[in-house]
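Notes to accompany the following structure.
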Amino acid sequence: MSKNSITSTVVEKIGSTTSILVAGTFYAVLCYQRDAFMVSFFVGAISNGILSKVLKKVLKQSRPAELDASSMELAPSDNGMPSSHAMSLGFICTFTALTLPATTLPLLTYTLISLKYRIQTNLHSFEQIAVGAVVGSLNGALWWQLCTGTNNPGRINIVDWVSASPIIDSQTGLLRWYLLSVPALVGAAVVGSVERRLARYFSNKKADGKAM
C-alpha cells in the first residue's frame with residue numbers, strides 16, 4: 001500500500017467517525033466527572049451547536065455543488081455555511097486545550113485531519129470550514145473565560161451559577177445521576193448525523209404508511 005493510500009485511509013477513517021467519536025467521548029467524560037465545570041462545558045458546547053444551526057438558516061449558503069449525496073448513507077439536507085462540525089471541533093478543542101494545554105497539539109492534528117476529510121468529500125467548501133472553525137474557536141475561548149473567571153474577575157462565572165443550581169447535588173458537588181439522560185438526548189438532537197438518522201427513520205415510516 002502506497003504512502004498516499006495510507007494517508008487517504010487515515011483521513012477517511014478519522015473524518016467519517018468524528019461525530020460519533022467526539023460526541024461519545026464527551027458524554028463519557030461528562031458521566032465520569034459530572035462536576036459543575038464539566039456540565040458548564042457541555043452547556044457551552046450545546047449552545048455553540050445550536051448557534052451553528054441558526055447561522056445556517058440565516059446565511060442560507062448551499063453545500064458545494066460537487067457533493068454527491070446519492071453515494072452517501074446519510075446525505076446532509078441542511079445548508080453548508082458555517083460547517084457545524086468545524087464549529088463544534090473549534091469550540092471543544094479550544095476549550096479543552098485552554099484547560100489542558102498539553103492536549104493542544106494532538107487536538108489540533110485531529111481537527112485538521114477531520115476537517116480535511118469534509119473538504120475532500122465536498123461536504124463543505126474551504127470557506128465554510130474556515131468560518132466554522134474560527135467562530136467555534138472564538139466561542140470556545142470566550143466560554144472558557146466565562147467558566148474560569150479569566151479576564152473577568154468578580155463578574156460572570158458560569159461554573160458558580162451551575163454549582164448553585166438544583167441540578168447539582170449540594171453534598172457531592174456532582175450532577176444528579178438521573179439527569180444524565182438529559183445531556184444524552186439534547187446532544188443527540190444537536191449532532192447532525194443523529195438528526196439525519198431520525199429524519200430518515202420518520203421519512204421511511206411515513207413512506208411505509210402510505211404504501212399500506
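Quick reminder: no glycine exception, Cβ is built from N, Cα and C everywhere.
TrEMBL entries are annotated by machine, without manual review.
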The annotated transmembrane segment range in TrEMBL, which must be one of 12-30, 31-49, 126-144: 12-30
Other parts of the chain folded back onto the transmembrane segment (89-113), taken as Cβ under 8 Å at six or more residues beyond its ends: 10-11, 14-15, 18, 22, 26, 41, 44-45, 48, 132-141, 143-144
Within the domain 'Phosphatidic acid phosphatase type 2/haloperoxidase' (37-144), residues counted as helix, strand or coil by DSSP: 81 helix, 0 strand, 27 coil
Confidence summary for the domain 'Phosphatidic acid phosphatase type 2/haloperoxidase' (37-144), mean pLDDT rounded: 86
